[in-house]
């Protein structure tokens, strides 16, 4: 029965991990931004370029990020303990994630706007209709979606504050929902991902069924047949494809580094990365095909006067406006709902990542719910402030100039810093510890190649593309602000690097501190104590060329389960045979289930040849020899844990001295003893006791 329950629990855990992984792949960057970017950059050739970069760049980088995340086991800010000089890269990632939280709700609120107005009446909306008189009566003609949205929702708040108030109210509603799902850490985080994934899948299935029933494949045929492959020679295609990889996969935002200690702590990073890339590609291609299927014979490409960031939303309105099918309004509502659900997935994912990073950086001075409340309020205010600028110019700055470039730069610096300064040998050793098997040098080559490829694309883009905008020249303040923020981020990384170097306390001269800032800090490594111990053992053996794969990460699974479910192992007993009062020459075995470990052979394997002296924690209370060892003894409501390696016959008596030099005549056994009583633990259900070696003269001291 226990095995059946354990198998069922493991199966449910795998299903939960799969659903969470699929949910992150179905974010708004993949279901909304990817189709919008495809139609404005050449269609199918751009999608091919995106797929190539997703597989050959996104997959290796995701594998690297997940592996490092399983080593760190905490927020992405702790990654830079490996190379402290580049700690500023983490802060830039934090900035990019916060900007995402500022402008993603704008897309979601606009989708809600269309949902509300579609519920009121059929298009054209009353605010966007022109009435003309015909022979058989009056007829209303609607203006285009772009003109309609600029006349209503995006109208200047200084001229018509009503629309600004409606927009702000919808943004507030979105933030209240996000905050409610993020306020209880990972308890509600994983549930939110699963709930919104199921809602998104339901909407996508409905759209697919509608497209098949109505045979709406004319748009897809045009997407596949009218292809100009020459645009693959243009730098902007590969540049925007690389940027889109980061938006679609959430790669570079620290999402997977943070989730590695929550969702993927027991997962194999290779298979997780492979499965995620596959799901991401499936969702992305499906979204593009559905977009072209819905478009019918309407040209989906945006015009020069279009606000590009909201083109997909307004294009769906145009399709409904010109469609002869009365049911098209219903399916447009489903499309808008899909965008809203995908937006919640991305917002909750990034929100959780940022709160976790801030919690660690502030050393938990603010509680999780407090950080959630403060971050939500700040992003809400900034989101409303962006509406004060006409035509969503601030949104254009964030999306086109700042966020994508910052993520690309930080990913390049992050991977190169690990490969150059942390070192490929250390990285390979860490991944072999995580995977439990050898790591081929092909991955090391890919991790060298990927940042160099991204750097080459970025330089190629800067050399050939205009800095003032892609399709049309942006106002001076728009592109100047965007590129100034990017340049300022680079300067900030350097400044933080020198400041971090100056904070190195182990060295005296600045030169030594500067060199030390490129080496792993003392607190670099896993957070889990058991995994940290195994990892340090692995590192010590790896220096001599030995690889003990029994110390792999999954080896702590049994330990973790034993802590969570202490009744799992029923048979636990010690059987010591001590032939001498000062040394251990007999055989000491520990039985757990049907496993027997010979302690004497363990000592020989670890080169413990000297006589072992183990202090007792209870001799001072009772000097009577204990002939029969008792694991646990309960007396007076307290449980006393006896050290099985304790020397109970001969105690080394020393006089107790105080800091001021006086003595009170009392005696003590020395290190590891308590003069005024035994070491007691009040928890009667405790079954796990740790022993550690605290000095060269003793083998173990019970804690």
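Each residue, glycine too, has its Cβ placed from N, Cα and C.
TrEMBL does not curate its annotations; it predicts them automatically.
TrEMBL tags one of the stretches 122-147, 304-329, 330-355 as transmembrane segment, and that stretch is 330-355.
Looking up the ranges 12-32, 516-536 in TrEMBL, the one annotated as transmembrane segment turns out to be 12-32.
When each of the listed stretches 12-32, 85-106, 400-422, 477-499 is scored by C-beta pairs under 8 angstroms to the transmembrane segment (442-465), 400-422 comes out highest. Scored by C-beta pairs under 8 angstroms, the transmembrane segment (330-355) has its highest count with 12-32, from the stretches 12-32, 44-64, 274-294, 400-422, 477-499. Ranked by the number of CB pairs under 8 Å to the transmembrane segment (477-499), the listed stretches 85-106, 192-212, 274-294, 367-388 are led by 85-106. Between the transmembrane segment (400-422) and the transmembrane segment (237-262) there are 3 or more Cβ pairs closer than 8 Å, counting only residues 6 or more apart in sequence, so the two stretches are in contact.
Counting Cβ pairs closer than 8 Å and at least 6 residues apart in sequence, the transmembrane segment (274-294) and the transmembrane segment (192-212) reach three or more and so form a contact.
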